[in-house]
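K.L.:
So TrEMBL lists the following for this protein:
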- 19, 74, 84, 85, 171, 205, 223, 224, 233, 234: substrate binding site (BINDING)
- 83: active site (ACT_SITE)
- 83: active site, proton donor (ACT_SITE)
- 232: active site, proton acceptor (ACT_SITE)
């Protein structure tokens, strides 16, 4: 490893719907010198066997065009085009830093509006973010061997028994409509999809969606670069659109999306032949910490930690209530 061998970092451990992240501020804090270091930091800090552990790292950087820039790295060191749950967490961080309730955040594929919004639950920090661009063109995933939109149809080589819809939001997703959640073969199918480079050369997020009622769905996701996760913001957004396309939900109406980590709300709009999605949910801070990271021996030492017990307890209550609602419908 060339360059810096040891780093002192300030970090925030946060989550959206139980999908947890580490925020590292490169605007007001330590600037990571290289892409190689970002990859190593992601692999080291996200390791669930280490003292921190998470589904990814959110690097907050300066932006020439927007209020800030978000880059999200998965546990395996790969960079994601977009992360809806992570964007809500970055939205909260940027809103609190600037004192403004509405901002624009630069992401890999688009500059996206974010805002603090009415609470989903009393006392719960709640943020709404735009999920764009959205496309049903298989080439945007890419999904090889298919030229036309793939909606509610088998992908035989992946699983001939399930009907999948393929879309990008803008990261790649396939969503299967199922009658049972958790889906027994979710991990096996998700892993297989990401091994099929002939179909998904960039990998793919695989979700299993069950309709619970009008404008209510449950989503379980195998996240590319992570594995089975409590929630994936773009997967919940993609699944909401699939529920509009295939399951009777409608544009312009709020959809409640339940997941193993809690619940969010989405809103699908269709205008000028374009789908647009808004994702609304929590952005919860678990703790702040000062850490030392050794890139050479891939170790982490937590020097100090300020735990936010009130937010943790509140979200536990939110998740319990969401689980009860989902279980009553499942």
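Heads up, the Cβ atoms here are built off N, Cα and C, so glycines get one too.
TrEMBL does not curate its annotations; it predicts them automatically.
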K.L.:
Over all pairs in 19, 74, 84, 85, 171, 205, 223, 224, 233, 234, the listed substrate binding residues, work out the largest Cα-Cα distance in Å.
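P.N.:
Looking at 19, 74, 84, 85, 171, 205, 223, 224, 233, 234 as a set, their Cα atoms extend up to 17 Å apart.
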K.L.:
How many Å lie between the Cα of residue 19 (substrate binding site) and the Cα of the residue listed as 'active site, proton acceptor'?
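P.N.:
One finds 7 Å between the Cα atoms of these residues.
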K.L.:
Starting from the substrate site formed by 19, 74, 84, 85, 171, 205, 223, 224, 233, 234, give every other residue of that chain whose CB sits within 8 Å of the mean position of their CB atoms, in sequence order.
P.N.:
80, 82, 83, 86, 221, 226, 229, 232, 235
K.L.:
Under a criterion of Cβ-Cβ distance under 8 Å and sequence separation of at least 6, what residues of the same chain contact residue 84 (substrate binding site)?
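P.N.:
Expected: 16, 129, 131, 232, 233, 234, 236, 237, 279.
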K.L.:
Which residues in the same chain, at least 6 apart in sequence, have a Cβ under 8 Å from the Cβ of residue 223 (substrate binding site)?
P.N.:
55, 74, 190, 205, 229, 232, 235
K.L.:
So, in DSSP terms, is residue 19 (substrate binding site) helix, strand, or coil?
P.N.:
strand
K.L.:
Name the residue among the binding-site residues 19, 171 whose Cβ has the smallest number of other Cβ atoms within 10 Å.
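P.N.:
With the binding-site residues 19, 171, fewest surrounding Cβ atoms within 10 Å: 171.
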